[in-house]
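This report refers to the structure that appears directly beneath it.
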Amino acid sequence: MYASREDIGYEFGDDSQVGSKPVKLNPNIDGGWAWMIVLSSFLVHILIMGSQMALGILNMEWLEEFNQSRGLTAWVSSLSMGITLIVGPFIGLFISMCGCRKTAIIGGIVNALGWILSAYASNVYYLFLTFGVTAGVGSGMVYLPAVVMVGQYFQKRRALAQGLSTTGTGFGAFLMTALLKYLCADFGWRNAMFIQGAISLNLCVCGALMRPLSPKDALSEKYVLRSNSENNQAKALSHSAETIKSNGVLSEEPGKKAAATNEEVLDSVQHGEIGGKSSGGRNMYGLRVLKTLSQLTVTVRKGFAMWYSSYFGAASLFTNRVFVAFIIWALFAYSSFVIPFIHLPEIVKQNNLSRQHNIFPLTSIIAIVHIFGKVILGIISDLPCISTWNVFLTANFTLVACILILPLMQTYISLAVVCALIGFSSGYFSLMPVVTEDLVGTKHLANAYGIIICANGISALFGPPFAGWIYDITHKYDFSFYISGLLYMVGIVFLLIQPCIQKKQPKEKSVEGAQA
């Protein structure tokens, strides 16, 4: 059974020792403001992931409006979904420098701008830029902080907290599907996107709720929580002489030299301000600008150093073989989940099931059951006798089986049953941050999870267009599900093989040492 890094015989290099000192916990950990963070993350999942799961409605409108092939039109939805996740590693850099709150607020504005500009689209290529890229980048700037903040504020009930917050995807898919159908029917798809852009401005409110742990609290809890981006930001902005460490050994001398240089600049600026007051307000204003720029340079350099060493340092995340296998799995997994959301409405139309589907859409069934799946799987994973890893793998096997048999279903009832199983088993998404943390530790969660969702983004980017391209050739969606399901199975096999290899290697080394 797999439960943590130690179970696979991998030591990532965390030199902190949990429980080495008696620590007074922050009352907001596992309680207090932590539940406001869960609420914020829940709303983010409704507005971002829920909206993306409802894009099948807009996809049909775009097909009629622009009269392009299904493969080309599907790129609009897949770009938005894919870029939301692909930008994860780069958003980690923003978090290191600005913190989760500022990053999320800026992302909310960018996302709303993408929706509003898309209302004026004249062709699908315009939508590629406005909806795919602009709205996608904005979504990514809100989504990653929402996940990371929950991981920082929860220790004992992290799986349950992640499960509750990510149920927003299911609620959002159900609500946004109904909302977009209503808006498109009564106001047209252009006005629907404009209204949705106005609704997306609420992401700024969600970002404002992401109150960071204070530097004092973060410092006192580093042996217990090892919090990542916000804690690293507090260390980077402090005036202590600690060496910057993040996923590898960063040279101490350059850091000291840079700090000394910037301190000299700041001192000279402060002296200059005194002289400036006597010589004139214009000189003082210029010196203040110089001082601000110098402080900003220090913040950017330290944030970039932490971000760079996390991915390319001597102890890079990529030296963890099981984590690399996890990345390979992510490259194949997410497309199998998003393909049904994009193409199910048209599959139903082809099978002449529109009457039943209009009463209760299949995507809504997936969304509703998805809510229960996330909560139930989160509760099960928190049980002391249950391995999170085993729950994660079981849900994956169930999902891939449903993807492979879905094309064989020809009636509404059979499709509804399979969609319900897809919704429940896909609840393993709430376990992904927990599994990621088990692999690399809380200290590296922001960067590691950024890589995982980046791989998921690549999968989401190419999945729906691939399914549309297969349909344009064969005029059937069956092969799209079969191929994506088989690729998904390949990713699961990688997850099964690597832990076994990691367990065998220490044994082989010990045998060789005994023989020597």
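Including glycine, each Cβ sits where the backbone N, Cα and C put it.
Here's what TrEMBL has on this protein:
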DOMAIN    37-503  domain 'Major facilitator superfamily (MFS) profile'
TRANSMEM  33-55  transmembrane segment
TRANSMEM  75-96  transmembrane segment
TRANSMEM  103-121  transmembrane segment
TRANSMEM  127-148  transmembrane segment
TRANSMEM  160-180  transmembrane segment
TRANSMEM  192-210  transmembrane segment
TRANSMEM  311-339  transmembrane segment
TRANSMEM  359-377  transmembrane segment
TRANSMEM  389-406  transmembrane segment
TRANSMEM  412-435  transmembrane segment
TRANSMEM  447-467  transmembrane segment
TRANSMEM  479-497  transmembrane segment
Local confidence of the prediction over the domain 'Major facilitator superfamily (MFS) profile' (37-503), expressed as mean pLDDT: 77
Among the ranges 33-55, 75-96, 359-377, the one whose Cβ pairs under 8 Å to the transmembrane segment (192-210) are most numerous: 33-55
Winner by Cβ pairs under 8 Å against the transmembrane segment (447-467), considering only 127-148, 359-377, 389-406: 127-148
Maximum Cβ pairs under 8 Å to the transmembrane segment (33-55) - stretch from the list 127-148, 160-180, 412-435: 160-180
Cβ-Cβ under 8 Å with the transmembrane segment (412-435): same-chain residues at least 6 beyond its ends: 147, 150-151, 158-159, 162-163, 165-167, 169-170, 326, 337, 340, 344, 348, 353, 356-357, 360, 362-363, 365-370, 372-378, 381, 388-389, 391-392, 395-396, 398-399, 402-403, 405-406, 445, 449, 452
Leading contact stretch, 75-96, 103-121, 127-148, 359-377, 389-406 vs the transmembrane segment (160-180) - CB distance under 8 Å: 359-377
Highest-contact recorded stretch vs the transmembrane segment (389-406), from 103-121, 127-148, 479-497, CB pairs under 8 Å: 479-497
Contact set, same chain, for the transmembrane segment (127-148): CB under 8 Å, 6 or more residues outside the stretch: 40-41, 44-45, 48-49, 52, 62, 75-76, 78-88, 91-92, 94-95, 100-101, 103-104, 106-115, 117-118, 121, 162, 165, 193, 203, 206-207, 210, 228-229, 433, 445-446, 449-450, 453
